[in-house]
Every structure is written in C-alpha cells, then in structure tokens.
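Per TrEMBL, the features are:
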REGION    21-94  region 'Disordered'
COMPBIAS  29-42  compositional bias 'Basic and acidic residues'
COMPBIAS  43-63  compositional bias 'Basic residues'
COMPBIAS  67-92  compositional bias 'Basic and acidic residues'
ACT_SITE  Asp154  active site, nucleophile
BINDING   Tyr192  substrate binding site
DOMAIN    252-355  domain 'Pseudouridine synthase I TruA alpha/beta'
REGION    436-459  region 'Disordered'
Amino acid sequence: MTTPTDKLMKESINAVQIAIPSGSTEEVTPLKREIDNSENLHHSKKRFTTAKDRREHRHRNFINRKGNRDDKELLESKGDDKDSNEPKEPRMPKKKVAVLVGFCGTGYQGMQINHNAKTIEDDLFKAFVAAGAVSKDNSDDPKKVSLMRAARTDKGVHAAGNLISLKISLLHRYVKVIRSFHAKTLCDSRIYEYLLPTYVFMPPEQKSNLVVSNENVNVFTDFPLATTEEMIEKRKYRISQETLEYVRQGFKAYEGTHNYHNFTIGRNPQEKSCNRYIVNFQVGDPKMINDTEWISLKVHGQSFMLHQIRKMVSLIVMIVRTGTPTSLIANTFTQVKINIPKAPALGLLLERPVFNSYNRKSKDQGKEVIDYDIYQGQIDKFKDRFIYSKIFEEELAENTFQNWLNAIDQHTGRDYGYLNPEGVIPESAIVKHGERQKYYNDQADDDESVQAKNDQLND
C-alpha cells in the first residue's frame, strides 16, 4: 500500500533525476545545490566589477531592451573594431585652455551648437579637429573635450570678443587655465554693444498707428517698405543735444537690479531668474558713417536673458519717438505683462566677457590671467573690417531699421498703449494670462513678416 509520504518521496526523486543531464553520474545533493547557487551568485556579483564589464552589460540590457537588430549589429561591429589590427592614434596630453575668439555672425544661427544648423561653435570645433588640437577619437562629440562658451549670441549677432574653454592637445595661442575652468560659470559679466542710426528717434508720421488710439483690437497689417526717397531724407537727420540727453536718461534707468520679465519671452513675473543686474548703460557721441549718423550703446551686465538687450533698446526708441516720459521704464519692472517688440539683431555684438574674480585669484597664485586689453588693437581692426562694415553695409542696402519702424507703426494702441504722456500702463495694454501664448505667437509672426520683407530686397 502506497502512503502519501512514499508518493511525495517518489516525486522528489523523479524531479532530481530530471535535473541531472543524461550521461551524468554525479549525485546532486541539497548541500551541493546550495554551494552551486552560492558560487553562481558570487560570479554574478563579480561579473560587473570593471568599468568595461558594466558598460557592456548596460549596452546589452538597457540600451537594447527591445532587441533591435541594428543595435546588435552595432555592438558586434564595435567588438570587431576592438579585434582589428588597425593602428590607433597615439594619445596626446590635453590641457584645459581658454581661447579668445571674435566672429561675424552674419549667416550663422547663433553661437551655441545646434544640430542641423550652421553655428559658430560647430565651425570652431571642426577647425580644432582639422588643426589636430582635438583627436579623431573625440571629433564626434564636443562634450568629450568639455567645450563651453562664456556668452551665447543669437542668430546674426556678432562678437568682437568672446571666450570658449575646452581641453585640447595643441594650439599656438591660448590662455592656460585651471583644470576646473568653466567659461560660463566663471564669467562675472558681459559687455555688449549696439549700433543704432539716430534717425530711429525721429517722431512717427501722423498716419502711423503708434500714437495712442482708443481702439481695443489688435491689428497688424502688411507694412510698407522704406523707399529710396524716404531714406534720403531720413539719413539727413542729426540728433539734437537735448534728444541725446533724453536717450541717455532712458538707458540710465536700466542700471541696477530689476525684474526684466517683460524684456524676454516665456517668463513668469514671479520667477527669481528674471532679476538681472545691469552695471551701466553708456551712450556714446554720434558719429557719421556713410552719410548716416550713428550712436554706440554699450551695456555691461552680469547676465542677460533671451532678447533682453534688443527689447531694452526698442523700448527707449519708442519712448523717445512718442515723447513718453522715462518714468514708464520703472513700471515695466512690475508684475504686469506688456508687449515690447525686439529691435533688429543687426546692430548687436558682444564686446567681451569679463573674468575679474578669476583673474584676481590667478594673479595671487602667479598664474596667467584672461586679458583682452593686450589684444585690443587686433580686436579693433577685426571689428572695423568684419563687423562694423557689415552692419553699415546691410543697413544702407536693406534699410533694416526703418523697415522695423514701419512694422511697429502698424500696431494700434492695444499693443503699445503704454506710450502716453503720463507714462502709465493702461489696462488695455496689459497682456492677460490667457492671452500670453497668442502674444508669443504674434511676436514670432511679426519677426517672420519683417524678415520676409527684408528678404524681398535681396531677390
């Protein structure tokens, strides 16, 4: 008679026999099974103790979770490369350096690397690779050499002096810096210059909508291009000393720490990052270039937000044109949201980044400092030949600033109702919370419209 206990023992023996491969005479005991399990656990822990093992494990189990065939082939090809006899480039010692650069931003989509776009950093990095300063192994990714810039510039914006930091093997002229040097975080402040033809301060014509109206509807119509006859008269304008002082008073109001949420896009007034410190904003004496009077604006600030300088310039131009008191500027730093257009990118250039704190520490330690003054002669020649000349030529050929003013003058009081003799912001000019996305879209449409008009001049 078979008892339940006998039946259970028989099933256990059969299970053990199934677990033993055919042809094996080794007896499997519970003790041996426990030892084998502990050894397997030990090997699995030991398996990924090296960086190489962990990297391969990550590729197998995380990057290729779905078992993509292309990924498998890529891993296999990488393994084949390791076994190939192809000679590798010798590893050269790299040093962290600061490279002082200047550039003409015409034709570029900005400073920072952006895939599928022509940028300054991308061309610089390719030049370092071509010169042998960056090895072939590191040529596929700028992050491998810790490439970083002191200040970004937007599309079409120039730089008389900027700085990038990176690790390179060789270069003829560079500033040797500490290993932890970071061009952006160790930069104390930046100095920008904006060149402006003085005719932009002329009062708008009577047919312009820029003068405050009682309309409550936002209207933007197709604006007229500046004519040759119109520009001949415009370029005869010479700014008076009284108007020049008015302009200087306006830019002086920007100095100090203020909330610049109205001078960028997509920022909430409550964000602390909207508080920016402006050291000074200087307005130079007028100069004649190609029968047109120009003034140079130089702003020294700790840091700047997207479009901030161009909007600061634009607001002063509109204030002076309409006779609005400069007391309006303080009202723009409050929590209300208003529409401030951007001045053209054409006149903007980065003068230089400032590294005073880093230089003081370096000087105390007997190390090299970052000094633009020793290259000032070369910088001035570069600005005159490749930056200033481009700005003056483009304005003369395309009337960029007047076309920008023509676009602004098509807006109604709903957009710029804050341009009034009292310098107050009326309720109708405030951008409400639900309207902000449309406001940002309208700004983009306006920019595209101005650009399209300018493009017509080149066709």
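Keep in mind that glycine also has a Cβ here, set from the backbone N, Cα and C atoms.
All annotation found in TrEMBL is predicted automatically rather than curated by experts.
Note that the coordinates shown come from a computational prediction; the quantities given were computed from them, not determined experimentally.
Note on Asp154 (active site, nucleophile): other Cβ atoms within 10 Å of its Cβ, all shown chains, come to 18. You'll find the Cα of Tyr192 (substrate binding site) roughly 13 Å from the Cα of Asp154 (active site, nucleophile). Residue counts for the domain 'Pseudouridine synthase I TruA alpha/beta' (252-355) under DSSP (helix as H, G, I; strand as E, B; rest coil) come to 29 helix, 33 strand, 42 coil. Counting every protein chain shown, the Cβ of Tyr192 (substrate binding site) has 23 other Cβ atoms within 10 Å.
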